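Asker: I am attaching a structure below and will ask some questions about it afterwards.
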Amino acid sequence: MQSVLYPWHRQVLRCSWSRLCLLKRYLFTMKLQSPEFQSLFTEGLKSLTELFAKENHELRIAGGAVRDLLNGVKPQDVDFATTATPTQMKEMFQSAGIRMINNKGEKHGTITARLHEENFEVTTLRIDVTTDGRHAEVEFTTDWQKDAERRDLTINSMFLGFDGTLFDYFNGYADLKNKKVRFVGHAKQRIQEDYLRILRYFRFYGRIVDRPGDHDHETLEAIAENAKGLAGISGERIWVELKKILTGDHVNHLIHLIYDLGVAPHIGLPANANLEEFNKVSKNVEGFSPKPMTLLASLFKVQDDVTKLDLRLKISKEEKNLGLFIVKNRKDLIKATDSSEPLKPYQDFVIDSREPDATARVCELLKYQGEHGLLKEMQQWSVPPFPVSGHDIRKVGISSGKEIGALLQQLREQWKKSGYRMEKDELLSYIKKT
């Protein structure tokens with residue numbers, strides 16, 4: 001990569017790729033030619049760029065995809081920005097016989113086109129006219145810098161041309177290289193435009209920063225002053241961000257910060273959280289890719305805390321059940337563990353539950369408890385099928401449904417005691433003895 005910084009207004013300087021550029025104040029530009037960038041050029045993208053160029057509309061890669069490419073990562077999702085209005089895009093795609101899908105984003109300037117079996121989400125440059133802390137009324141523009149100004153963080157405010165030219169108006173590239181997470185302009189203003197940006201700040205801090213603790217004082221002050229604004233944000237949006245915080249780096253530092261700055265009560269977290277347990281569990285799970293709820297459950301003292309979280313964030317049934325399971329069993333299964341067969345109580349739980357996700361839940365509990373050796377054994381263990389059915393018991397002359405059920409339970413207990421080794425004939429002979 002080659003780079004040049006242009007700090008003065010409307011100066012004409014020679015760029016690093018040997019052509020003259022007329023650039024606005026503070027615009028930083030450089031040339032990117034990486035394998036990750038080149039890999040984006042599918043047949044669909046080539047057709048898209050050719051169409052926009054033919055109609056004299058500017059088109060660039062925008063936001064998070066640019067950040068990822070500069071970090072040497074191929075982005076999973078690529079968003080595009082353009083000077084063309086939604087009406088112009090629709091006319092252009094219709095004339096070219098290109099199908100458009102999902103028109104829900106049109107009022108915000110987004111058109112999704114399908115080319116060569118790929119979807120391309122293209123959004124018109126825009127400025128926020130009015131904001132209420134959750135949504136914005138937008139106005140379309142052709143000014144790239146104005147669009148960059150409305151974005152949340154400097155590292156997310158860059159654009160990339162298809163010749164590899166980076167357009168960076170707010171030192172996003174420098175912040176990315178220096179592992180800094182900063183709001184575009186004033187933190188307070190950006191946050192009040194959309195209070196969810198508080199959680200986005202924490203999320204990207206966990207992705208970008210090498211060592212925790214380096215925060216801008218103005219940013220932390222703005223977060224503390226505006227934390228209550230998160231009370232008006234939907235639980236679903238909060239949970240999306242919180243899950244990403246919990247699966248990122250520096251999670252212990254960030255959760256403590258969320259409590260210190262008064263954010264926690266507005267996002268469904270308990271006021272009397274068990275932060276000591278959280279400190280211990282965050283170390284236990286490090287390097288073992290826990291599910292977000294596995295770590296979050298350490299903050300909860302009672303199962304009712306999980307229920308309250310669900311009411312606020314609308315978590316999935318699977319996530320709620322995992323939280324309830326961990327809070328209920330995190331101590332009991334440890335107490336039940338026989339030192340000679342430490343995995344046995346966990347295996348018995350899976351056998352008794354007969355639920356398809358029981359093994360996965362137990363594995364999350366073992367991560368929580370820091371039982372890494374048992375976790376490896378559990379992951380390698382295949383749940384054995386219980387060899388006796390009600391039909392088998394009827395064959396030995398027992399027809400009462402109630403009696404069959406009781407016998408099946410007795411046989412299951414004998415089978416468990418044998419380490420799941422007793423076979424059908426052995427178990428049925430046990431009936432005859434009794």
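Quick reminder: no glycine exception, Cβ is built from N, Cα and C everywhere.
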Asker: From the set Lys46, Lys283, Lys402, which residue is assigned the annotation N6-acetyllysine by Swiss-Prot?
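Answerer: Going through Lys46, Lys283, Lys402 one by one, Swiss-Prot flags Lys402 as N6-acetyllysine.
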Asker: Which of these, Arg99, Arg114, Arg151, does Swiss-Prot say binds ATP at the same site as Gly64, Arg67, Asp194, Arg197, Arg200, Arg203?
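Answerer: Swiss-Prot names Arg151 for this ATP site.
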Asker: For Asp152 (site 'May assist in discriminating ATP from CTP'), identify the closest of the binding-site residues Gly64, Asp79, Asp194, Arg197, judging by Cα separation.
Answerer: Arg197
Asker: Calculate the distance in Å between the alpha carbons (Cα) of Asp79 (Mg(2+) binding site) and Gly64 (CTP binding site), and round it to a whole number.
Answerer: 8
Asker: Between Ser400 (phosphoserine) and Arg203 (CTP binding site), what C-alpha distance do you get in Å?
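Answerer: Cα to Cα, Ser400 (phosphoserine) and Arg203 (CTP binding site) are separated by 59 Å.
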Asker: Any idea what the Cα distance is from Arg67 (CTP binding site) over to Asp77 (Mg(2+) binding site), rounded to a whole Å?
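Answerer: Arg67 (CTP binding site) and Asp77 (Mg(2+) binding site) have their Cα atoms 12 Å apart.
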Asker: Which of the recorded positions listed here (Asp77, Glu193, Lys402) have a Cα atom within 10 Å of the Cα of Arg203 (CTP binding site)?
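Answerer: So the list is empty; none.
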